[in-house]
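Annotated features, as they stand in Swiss-Prot:
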TOPO_DOM  1-7  topological domain 'Extracellular'
TRANSMEM  8-28  transmembrane segment
TOPO_DOM  29-34  topological domain 'Cytoplasmic'
TRANSMEM  35-49  transmembrane segment
TOPO_DOM  50-494  topological domain 'Extracellular'
DISULFID  CYS52-CYS79  disulfide bond
DISULFID  CYS109-CYS170  disulfide bond
CARBOHYD  ASN116  N-linked glycosylation site
DISULFID  CYS123-CYS154  disulfide bond
DISULFID  CYS141-CYS165  disulfide bond
REGION    147-160  region 'Fusion peptide'
CARBOHYD  ASN202  N-linked glycosylation site
DISULFID  CYS234-CYS334  disulfide bond
DISULFID  CYS351-CYS382  disulfide bond
TRANSMEM  495-515  transmembrane segment
TOPO_DOM  516-521  topological domain 'Cytoplasmic'
TRANSMEM  522-542  transmembrane segment
TOPO_DOM  543-555  topological domain 'Extracellular'
Amino acid sequence: KHAQRIETWILRHPGFTIMAAILAYTIGTTHFQRALIFILLTAVAPSMTMRCIGISNRDFVEGVSGGSWVDIVLEHGSCVTTMAKNKPTLDFELIKTEAKQPVTLRKYCIEAKLTNTTTESRCPIQGEPSLNEEQDKRFVCKHSMVDRGWGNGCGLFGKGGIVTCAMFTCKKNMKGKVVQPENLEYTIVITPHSGEEHAVGNDTGKHGKEIKITPQSSITEAELTGYGTVTMECSPRTGLDFNEMVLLQMENKAWLVHRQWFLDLPLPWLPGADTQGSNWIQKETLVTFKNPHAKKQDVVVLGSQEGAMHTALTGATEIQMSSGNLLFTGHLKCRLRMDKLQLKGMSYSMCTGKFKVVKEIAETQHGTIVIRVQYEGDGSPCKIPFEIMDLEKRHVLGRLITVNPIVTEKDSPVNIEAEPPFGDSYIIIGVEPEQLKLNWFKKGSSIGQMFETTMRGAKRMAILGDTAWDFGSLGGVFTSIGKALHQVFGAIYGAAFSGVSWTMKILIGVIITWIGMNSRSTSLSVSLVLVGIVTLYLEVMVQADSGCVVSWKNK
């Protein structure tokens, strides 16, 4: 716990950290002594109640298109939360991707039965035998030759013809279906964070709004009761080449298989357009004609091929099914228009009465906390005063996920979600003299979170792919580069310079660039210049974390 406090103190006090390093280097005579002195200085520092520089609140909004548009990536199994100034916090979750009305390419019979077996034979030199069933496509037939003579009804010895037919009926089949990208339907749930009910992405009740996205209607508006309208413009990205893949459906299971493998299966089949279901092609692949004896020939059908197919499909991607529709994975790249959204309760006054904790603070898996409080004072509806402060109660830290929490009526529980900083902090609810002051310690590492966020940013840029880049104009190129730098390096930059003033950040960027330009080593020079330019760019350009944005399109 103390090591975590040291890390937090170092990140918030880069100036004092540099001074400690210089002091340790000056006092110590060996590398071991210098390292020991530096560790001792930083270990003592967190306990000295020195001047603390708090981390400012940030709105993590994906995209660099000003205040109106926000770019997000939705994936199955994940939830995206968007926050913007004076806008409600929204949860977006992609809950379902369905293939509607896939076209049947081919049907295969995997279990059959034989009935109405008939045999006709001829003696030598009497010609080929024939049956009327041979003209019926429902029957499977085979011509053979058999030894004939006096012992089995023929006057001459020699080879005589024999034909056997049996009616082929399929008991169980499997289908191969082709999915067209335009038949995919994406279901998204949009849920505003509300204090009245702790709304999450899968809440489709009072607060959540379910919308459908298809390639034909990629732009959709969602009316959020009490919060206005959000517009979504989405471009589906399944990551699958449906021209080369077929969905093999067997009863209530489905697999994604290669098209050519599916077409080469040695089983009786029907074209997908066949509506009769009886004129099977290659029926003989499931039928065995035994050796004929004079006027008799036995014919048997092979057993069910379902087990063999399950074995052959080992390792194939299994696709889930729901109500006859096929469910896919994949992701959506969406652009949100938030200019028609509004916050509830902006005109309410602050609550001045007493609050009590209904449910103790609970930590979520996302690094946030949820606390349930109840207002016992008068004057509702009103806004809930909520702050997260350092131990000296001088600097506001962390951020509020449930933007502008409000009390609609007295004694009604309200859920509030917030993200405290790593280490010790105070959660303060209400106003003096009846404030709730709750101490909280958040486990984890700021540096570890920095690298984790950087990896998520790089992954997001990879998912966005070519849609993240605009080469149509010079401005588009620079905007795309800015988006990439912000997505990937924004977390490292924020953690490294969280306690440094704007002027000092500019100066550090200039110094790094100047050192790089004057370095004799080519590799070192290029590296330092790139680091300096990225540092300057992330400081000078506003990239949706904090600051002001001017939208020339809305002038």
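Even glycines carry a Cβ here, placed using N, Cα and C.
Here the structure is a predicted model, which means the values were calculated and not measured.
Recorded features from Swiss-Prot, shown on the structure.
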residue : record                      : DSSP (3 states)
CYS109  : disulfide bond              : strand
ASN116  : N-linked glycosylation site : strand
CYS123  : disulfide bond              : coil
CYS141  : disulfide bond              : strand
CYS154  : disulfide bond              : coil
CYS165  : disulfide bond              : strand
CYS234  : disulfide bond              : strand
CYS334  : disulfide bond              : strand
CYS351  : disulfide bond              : coil
CYS382  : disulfide bond              : strand
Sparsest-packed of the listed disulfide-bonded residues (CYS123, CYS334) - C-beta count within 10 angstroms: CYS123
Minimum Cα separation from CYS334 (disulfide bond), reported as the residue among recorded positions CYS79, ASN116, CYS141, CYS154 that achieves it: CYS79
Distance, CYS165 (disulfide bond) to ASN116 (N-linked glycosylation site) (CA atoms, angstrom): 8
Spatially closest candidate among CYS79, CYS123, CYS141, CYS154, the listed disulfide-bonded residues, to CYS234 (disulfide bond) (Cα to Cα): CYS79
Among CYS79, CYS141, the one of these disulfide-bonded residues whose Cβ has the fewest neighbouring Cβ atoms within 10 Å: CYS79
Confidence summary for the topological domain 'Extracellular' (50-494), mean pLDDT rounded: 76
Under 8 Å by Cβ from CYS154 (disulfide bond), same chain, sequence gap 6 or more: CYS123, PRO124, ARG148, GLY160
Sequence-distant neighbours of CYS351 (disulfide bond) in its chain (C-beta under 8 A, six or more apart): TYR375, GLY377, GLY379, SER380, CYS382, LYS383, ILE384, PRO385, VAL407, GLY430, VAL431
Rounded Cα-Cα span from CYS109 (disulfide bond) to CYS165 (disulfide bond), Å: 19
Local Cβ density at CYS109 (disulfide bond) - other Cβ atoms counted within 10 Å: 24
Distance [Cα-Cα, Å, rounded] between CYS141 (disulfide bond) and CYS109 (disulfide bond): 18
Site with most surrounding Cβ atoms, counting all protein chains shown within 10 Å, from the disulfide-bonded residues CYS170, CYS234, CYS382: CYS234
C-alpha spacing of CYS79 (disulfide bond) relative to CYS109 (disulfide bond), in angstrom: 42
Secondary structure content, the topological domain 'Cytoplasmic' (29-34) (per DSSP, counts of residues): 4 helix, 0 strand, 2 coil
